[in-house]
Amino acid sequence: MRRRNDPECTAPIKKQKKRVAELALNLSAASGDEPPSSVNHAAKASTTSLSGSDSETEGKQHGSDSFDDAFKADSLVEGTSSRYSMYNSVSQKLMAKMGFREGEGLGKYSQGRKDIVEASNQKGRRGLGLTLQGFDQELNVDWRDEPEPSACEQVSWFPECTTEIPDTQEMSDWMVVGKRKMVIEDETEFCGEELLHSVLQCKSVFDVLDGDEMRRARTRANPYEMIRGVFFLNRAAMKMANMDFVFDRMFTNPRDSCGKPLVKDREAELLYFADVCAGPGGFSEYVLWRKKWHAKGFGMTLKGPNDFKLEDFYSASSELFEPYYGEGGIDGDGDITRPENITAFRNFVLDNTDRKGVHFLMADGGFSVEGQENLQEILSKQLLLCQFLMALSVVRTGGHFICKTFDLFTPFSAGLIYLLYCCFERVCLFKPITSRPANSERYVVCKGLKVGIDDVRDYLFAVNIKLNQLHNTDSDVSLVVPLEVIKGDHEFTDYMIRSNESHCSLQIKALAKIHAFVQDTTLSEPRQAEIRKECLRLWGIPDQARVAPSSSDPKSKFFELIQGTEIDIFSYKPTLLTSKTLEKIRPVLDYRCMVSGSEQKFLIGLGKSQIYTWDGRQSDRWVKLDLKTELPRDTLLSVEIVHELKGEGKAQRKISAIHILDVLVLNGSDVREQHFNQRIQLAEKFVKAVSKPSRPDMNPIRVKEVYRLEEMEKIFVRLEMKIIKGSSGTPKLSYTGRDDRHFVPTGLYIVRTVNEPWTMGFSKSFKRKFFYNKKTKISTFDLPADSIAPFHICYYGRLFWEWGDGIRVHDSQKPQDPDKLSKEDVLSFIQTHSA
C-alpha cells in the first residue's frame, strides 16, 4: 500500500492545487475591472497550462489529438467572431473542458441544448410563464416626442356665444328618444374616426393587465404623479388648487367684470359655494383651507361609503361645511338623479344665501365602470346632465361652475355642453396636469352665469324626469339639442372637434407610454420631484406632510391665542350704571349698547364640539360646555349662554343659545385690534358660516343686536311682558330678538367704541358725525386709526345697567324705586347730550 506522503501519491494533489491557483489567476484577470485586452492576454497565457493539467490528470501524453483539442478550446476562448465571445475566458474554458463545440450540444452524442437559456421575462406577480395575449404586442405609437413636463398651462376658451339663450318654445321639440345604444365606436360627429378607434384600442389593450401592475407603471410614467394630495384629504383637492390658479383664482376670489373682488375678507358677505357628487370632499377642503371662515359650503353627495368624510378635513375647518342630502335633509339619500333631491337642495341653498345662490358650484361625480371603461361616457350621461342642472339651479347670476366630464364624443354630451355655452359668458374644456394624462377625465369650466336661464333649467329638469322613466327599458334620450342646431354654430363645433381630438392624441401617447413602462420596469420619469416643487410653489401650496391637528387643553390654547396679553384684563367686571356714574356715558355718540340675558363668559373652541367656557377669574378653570354645537378650532369669544323661549303657554319651547358679545380670535384670525363695529360685523359673518339650518337639534349661535346709545329707545319697543313656563303664571319682562325668540333680560351692556383722546360729535352744518381729538383739537370726518378702541379697551371700560327689582323699563312692571336709576333718567340724559 502506498503512503499518503509518497511522491507518486502526492503528485496529483500538487497538480490539482496548481490548477486551482491558475484558475484563480484567470478569474482575477477576467474580472470586469480589466480592459478586454488584458482579459484576452490572460486567457492566452493560461490556455496551455489548463490543457496540460487536464492531460496529466487523464494520464495521457501530448499528441496530435490533444493538440487539436487544445487548439479548439483556444479558438473558443479567443474567437471574436463567435457569438459566445461576450462571455469571459473562464466560462468559455470551462465549457471547452466539458467538450462544448459551437453549434453542437453537450453529451456523448451532442444531444444537449444548443441554444442559450433565455433571460426571464417574468412581469411582477404574474403566474410563471404567463403571457398576456394582446398586451405584449407593440402599439406602434411614438410616445417619446411628448412635450417637456411643465407647471405652466394654457387655457383655450370657446368663442363667446352670440346666440340667444333658447326658450321653452324653441326647446319644446329638442328632446329625442331613441333605442338605447351601448356602443361608442361609431360616434364620429365630434372626433375623427381614426383617432377615436386608436384611443379605444389603446384602452382595450389594458383590459388583460393586472391593476396593480398598471398602477405601478402609471406612477413611474406620469411626470406629475408625485404632486399627489400634499396635506389634503386626497388628490382631488390638488386638482382644485391647480385649476383655481390656472383660472386666476376665479373660484376662491371671484371678481366682477371690472376686475374688482366680489367678496372681501373684511366685509360682511361670505363666499358661498356648493359641492355636489363630491365625496369625500377634497374640493371643499381646498376651498375652506384657502378662505378659512370667510367661506360657507353646502354639499350633496350619495350617502354610503363615498360620503363626505368631514372628520378627515385636517387642513380646514369642516364646521364651515354643511351637507344636505336633498329630500329629507340630513336623512336624505343624496342621489342627484332624483328630481325631488335637486329641488330640495336648490331651496335649501337659496334659503341660506338670501335667495341669491352660491358664487360657484363644483361637481366631481363619477362611479366605477370597471370592465366597461370605453362606455364611461354613455353610462354616466344622466349624472353629467344632473350636475349641469344643479349648476343652473343654485349658482347665482354672474357665478361660476366647474364639473368633471369624461369622453365627449356623443351628440348627447355635445348638446349638454352647448346648453352651458349658451347660459354662461365663457366656457372651456380643460384638463389640468393634476389629472392623469392617460384617463379620459377633463373639466368643463363655466364663467359668469347669464340672466334668463330659467327655461333651460326647466328643460333639463324635464329631460332628467324622462331619463328616470326610461330606466330598465330599451329606450333612451339620445339628443337634448338637435345635431343641426349644434353644427349650425361652426365655432362651437370646431372647438369641440379640436378639443376632443387633442384630448385623444394626449391619451394615446400617455397609454402607449404606460404600455412601454409596463414592459420595461427600468423606465422612470426623472423630473417628478422637481416638477412637484415647481407646481406647489406656483400654486401657493406649502410643501408639508398631512398630519392630524394636534389636540390641546383649553388653558394652553387660550394663552397661545392671546399671545402674551395681560391676563388680568379678563377678570375686569363692568362698572355699574347708577345715578352717580351716569356722567360716564358722555359723549353719548361714543357708545353702543346690547341687551344682556345672563352672566358674561369667555368661550374657546378647539374644533367640533370641543368647546369650553371660563368666567375670567384666574382661580377658576375652563369648563366643558354642555351644549350641542360646533365651532372651528382656534376661536375665542366673549359670550353669554342664554335660555331662549319661543311661543307661550304649554307650547312654549326652551333652548339654550350662545349669544356673542364680542370676538377676539376667529378660527385663528386675531381681530382684537379692529373697531368694535367691525368685530361685530365679522362675528355675524362667522355665525353665518358656522350655522347649521339643517340641524335643528343643535344649539344656535347668535350675535347680540347692537344699538347706538342715542337710539336706546328702540330697545324698549322690543320689551313686553310674557308668561313663562315655571313662573306660576306671572308675566315676566321679555326681550324679543330678530329671530322671533325671546329671553328674560337682566340689563344693558354699554360699550365705548372710541379710544381716548378721541371723541365723536355731530356737525349741524354738515349733518354728519365727526371725530374730535381733545388733545390736538383736530377734527375729521374720516376714522382716525388711533381712535379705534381695541377689545381690551372696550372690555375694561364697559358699563352695565342692571334691570333688577325696582327698575321699571316697561309700563306693566312694578313702580320705579326712586333711589334707583330710572328709564326716564337715562333717556333724558341721552337726549340732552346727543344733540
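Sequential numbering from 1, following the chain as shown.
Glycine residues also receive a Cβ, built from the backbone N, Cα and C atoms like all the rest.
Annotation comment: Swiss-Prot describes 2-19 as motif 'Bipartite nuclear localization signal'. On the 0 to 100 pLDDT scale, the motif 'Bipartite nuclear localization signal' (2-19) averages 48 in the predicted structure.
Residues annotated as compositional bias 'Basic and acidic residues' in Swiss-Prot: 57-68.
Feature annotation from Swiss-Prot assigns domain 'G-patch' to 87-133.
Other Cβ atoms within 10 Å of the Cβ of Lys108 (N6-acetyllysine), summed over all protein chains shown, number 7. Secondary structure at Lys108 (N6-acetyllysine), taken from DSSP and collapsed to helix, strand or coil, is coil. Summarising the annotation, Swiss-Prot assigns N6-acetyllysine to Lys108 and lists similarity to another entry as the type of evidence.
The DSSP secondary structure for Val205 (substrate binding site) is helix. For Val205 (substrate binding site), other Cβ atoms within 10 Å of its Cβ number 19. Annotation source Swiss-Prot lists substrate binding site at Lys203, Ser204, Val205, Phe206, Asp207, Arg218, Asn374, Leu375, Gln376, Asn439, citing similarity to another entry.
The domain 'RrmJ-type SAM-dependent 2'-O-MTase' annotation in Swiss-Prot covers 231-450 and is backed by sequence analysis.
Within the same chain, residues at least six positions away from Lys404 (active site, proton acceptor) with a Cβ under 8 Å of its Cβ are Ala363, Asp364, Gly365, Gly366, Glu441, Arg442, Tyr443. What Swiss-Prot records for Lys404 is active site, proton acceptor.
Distant neighbours of the domain 'WW' (752-786): 587, 589-592, 675-677, 793-794, 797-798, 834-835; these residues of the same chain sit at least 6 beyond its ends, with a Cβ under 8 Å from one of its Cβ atoms. Residues annotated as domain 'WW' in Swiss-Prot: 752-786.
Taking Cβ-Cβ distances under 8 Å and a sequence gap of 6 or more within the same chain, the neighbours of Lys203 (substrate binding site) are Glu373, Asn374, Gln507, Leu511. Cα of Gln376 (substrate binding site) to Cα of Lys108 (N6-acetyllysine): a span of 64 Å. Neighbour list (Asp207 (substrate binding site), Cβ cut-off 8 Å, at least 6 residues apart, same chain): Gly371, Glu373. The maximal spread of the substrate binding site, taken as the longest Cα to Cα distance among Lys203, Ser204, Val205, Phe206, Asp207, Arg218, Asn374, Leu375, Gln376, Asn439, is 22 Å.
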